[in-house]
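Trainee: I'd like to ask some things about the structure below.
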Amino acid sequence: MAKVPDLFEDLKNCYSENEEYGSEIDHLSLNQKSFYDASHEPLHEDCMDKLMSLSTSETSKTSKLTFKESVVMVASNGKILKKRRLSLNQFITDDDLEAIANDTEEEIIKPRSVPYNLQSNVKYNYMRIVNHQCILNDALNRSIIRDPSGQYLMAAVLNNLDNAVKFDMGAYTSEEDSQLPVTLRISKTQLFVSAQNEDEPVLLKEMPETPKIIKDETNLLFFWEKHGSMDYFKSVAHPKLFIATKQEKLVHMASGPPSITDFQILEK
């Protein structure tokens, strides 16, 4: 079975030494376009024979071979048509090789399994408090209070709003978000509302101080959205979930009805 790295090593050896093949490849930036036209002398006949011997039937679908050089596409007359630089030292299959030959767009191959947190490393920087000691009322005019254990939040109809939880809303900013991320901290404490999975109660997480930069603790952040007279708090960590209330249920995370995600902010 033909070894793909050996093929490209043979192709590279066919260049004359004065063409500075290696230095051109080494100085490419991964941020630059990955395809470009280049003119070279025709390859020797024996090199073309080796190229023509490669076919998809000779390349394993599951072979875990890695390229440390750029992938090269060569025409029948020996002219280099395309070079592609890989964005990471990734495993290559013949599906990737076929994509290189057929792809008309100029792009860098990205690994299929790169986690989101590796692709987008967002930092949120603290700005200021935008609401002091505000009260959150849901669409049924129930106010947010602490449950009897003090560990969770719940909604209840109150005759005296002094019993409602007062929140300080801290605004953050980042280079990648056009929305306004905020934290909800219980006033005069270091307890921050922390989003959980769908239908799970939100937690009150104690922090030593107001975070100046939030990078990993995105459960503490919510995109504050306003539609008409209603306010919504969408989780940054779980973008499809909102802070919500429901009859006989603790304040939790939900995507919508039957839970209530509409709130009004009452300022003191």
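The backbone N, Cα and C atoms fix where each Cβ goes, glycine too.
Swiss-Prot lists these features:
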MOD_RES   K82  N6-acetyllysine
REGION    82-86  region 'Nuclear localization signal (NLS)'
MOD_RES   S87  phosphoserine
CARBOHYD  N102  N-linked glycosylation site
CARBOHYD  N141  N-linked glycosylation site
Trainee: Give the helix, strand or coil assignment DSSP yields for N141 (N-linked glycosylation site).
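Mentor: For N141 (N-linked glycosylation site) - judged by DSSP and reduced to three states - the answer is coil.
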Trainee: Let me know the model's mean pLDDT on the region 'Nuclear localization signal (NLS)' (82-86).
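Mentor: Averaged over the region 'Nuclear localization signal (NLS)' (82-86), the predicted model reaches a pLDDT of 50.
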